[in-house]
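A.B. asks: Below are the features listed in TrEMBL for this protein:
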ACT_SITE  Asp132  active site, proton acceptor
BINDING   Arg25, Ser26, Val27, Val28, Arg29, Arg159, Gly190, Ala191, Glu192, Lys218, Ser219, Ser220  ADP binding site
BINDING   Asp107  Mg(2+) binding site
BINDING   Thr130, Ile131, Asp132, Arg167, Met174, Gly175, Arg176, Glu227, Arg252, His258, Met259, Gln260, Arg261  substrate binding site
DOMAIN    7-283  domain 'Phosphofructokinase'
Amino acid sequence: MVSEIKKIGVFTSGGDSPGMNAAIRSVVRTCAFLKVDCVGIYRGYEGMIEGDFKPMDARSVNNIINKGGTILKSARCEPFRTEEGRKKAYEQLRAEGIDAFVVIGGDGSFTGAMIFNQEFDFPVIGIPGTIDNDIFGTTFTLGFDTALNTVVEAIDKIRDTASSHNRLFFVEVMGRDVGHIALNAGVGAGAEEILIPEENLGLDRLLESLKRSKESGKSSSIVIVAEGDKTGKNVFELKEYVEEHLPIYDVRVSVLGHMQRGGPPSCYDRVLASRMGVKAVESLLEGKTSLMVGVQDNRLILTPINKAIKGHTKIDKELIRVSEIMTT
Ligand code: ADP
């Protein structure tokens with residue numbers, strides 16, 4: 001079958017994540033390999049509306065596989081939420097001769113792509129790029145593995161100073177709606193407690209656990225708190241609460257913040273990005289649309305975008321159990 005698609009646009013949108021550059025590189029090089037033109041769209045939907053395009057060939061993406069962030073820049077774009085904005089974007093794409101696009105982003109970016117596809121019958125494929133791992137249809141999003149490594153490295157350093165002073169540290173990590181980073185990094189870094197949005201541990205249990213930990217002779221304690229944890233208190237309020245109820249502890253807080261989004265992607269994210277980029281371009285050329293590329297059991301799969309944006313990957317109950325056993 002000869003594909004009608006001769007030119008593919010690629011862009012990154014919404015929150016950035018490590019591995020986005022590796023995915024751009026893969027999309028561009030797959031297009032070059034399959035002799036399809038490729039155009040980089042700068043600043044997500046904002047650049048699409050403004051016609052901020054740049055033709056890309058295999059050499060345009062030299063030396064970016066190892067870089068965090070995104071060479072195409074990312075943006076949030078309110079006008080794309082309106083019919084008028086999307087019509088302008090469509091006109092710009094047609095004027096440039098772009099027949100389809102690959103969007104690398106999170107569920108907001110996918111929602112925009114899905115609506116765009118419905119309105120203009122324009123072929124779109126998504127690649128999940130977000131550190132939160134909060135997208136249904138893939139066990140790993142691009143950037144999640146790198147973020148875990150970043151968080152674990154940071155906590156290892158915090159633990160050094162915590163144990164030198166017999167301190168308790170509350171470490172806040174990203175995750176407003178999901179606790180994948182907190183749970184995985186917490187197990188990997190040997191945290192005493194992990195507070196996530198999916199489970200309400202309760203403040204009493206936290207105090208009990210910290211008391212036990214002190215009595216059992218632990219020299220330092222690390223509690224990982226996801227931004228959206230269910231205790232109803234943020235890290236600073238948790239510090240005050242514990243200081244009030246357990247004065248034996250010298251408590252400190254560390255908010256890791258945006259460092260979790262940066263840095264060179266891990267090998268896992270680079271390989272996954274390379275695989276997903278190939279799959280995205282090949283799928284478009286096979287006439288597929290409105291799908292997201294994901295990975296499950298280490299195989300690439302395609303999930304309808306409308307399903308990907310509606311659900312979250314469930315928190316791993318087995319890992320919660322492991323974390324409880326490890327804090328003994
Ligand atoms: P992410 O992709 O990381 O979830 P956002 O939720 O900020 O990031 O979405 C990125 C962009 O996608 C928005 O700035 C907007 O341009 C577009 N978008 C999000 N939701 C919609 C929507 N319901 N309709 C149209 N465009 C949308």
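Backbone N, Cα and C define each Cβ position, glycine as well.
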A.B. asks: Return only the integer: C-alpha distance in Å from Arg261 (substrate binding site) to Glu192 (ADP binding site).
C.D. replies: 24
A.B. asks: What subset of the binding-site residues Thr130, Arg176, Gly190, Glu192 lies within 10 angstroms of Asp107 (Mg(2+) binding site), using C-alpha positions?
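C.D. replies: Near Asp107 (Mg(2+) binding site) by Cα: Thr130.
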A.B. asks: Just how many other Cβ atoms lie inside 10 Å of the Cβ on Met174 (substrate binding site)?
C.D. replies: 24
A.B. asks: Could you measure between Met259 (substrate binding site) and Glu192 (ADP binding site) for me? Cα positions, answer in whole angstrom.
C.D. replies: 23
A.B. asks: For the binding-site residues Arg29, Glu192, Met259, which sit with their CB under 6 angstroms from an atom of ligand 1?
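C.D. replies: Not one meets the Cβ criterion.
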A.B. asks: Within the chain of Arg25 (ADP binding site), which residues six or more apart in sequence place their C-beta under 8 angstroms from its C-beta?
C.D. replies: Val61, Ile64, Ile65, Ala273, Ser274, Gly277
A.B. asks: Output the one of Asp107, Asp132, Glu192 that, of all these recorded positions, has the highest number of other Cβ atoms within 10 Å of its Cβ.
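C.D. replies: Per the Cβ count, the most surrounded site is Asp132.
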A.B. asks: In Å, rounded, how far does the Cα of Glu192 (ADP binding site) sit from the Cα of Arg252 (substrate binding site)?
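C.D. replies: Distance between the two Cα atoms comes out at 15 Å.
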A.B. asks: Measure from the Cα of Arg252 (substrate binding site) to the Cα of every one of the recorded positions Val27, Arg29, Asp132, Gly190, Ser219, then give the nearest.
C.D. replies: Ser219
A.B. asks: So the record assigns Thr130, Ile131, Asp132, Arg167, Met174, Gly175, Arg176, Glu227, Arg252, His258, Met259, Gln260, Arg261 to substrate. If I measure every Cα pair among those residues, what is the longest distance in angstrom, as a whole number?
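C.D. replies: Per the listed residues, the maximum Cα distance equals 33 Å.
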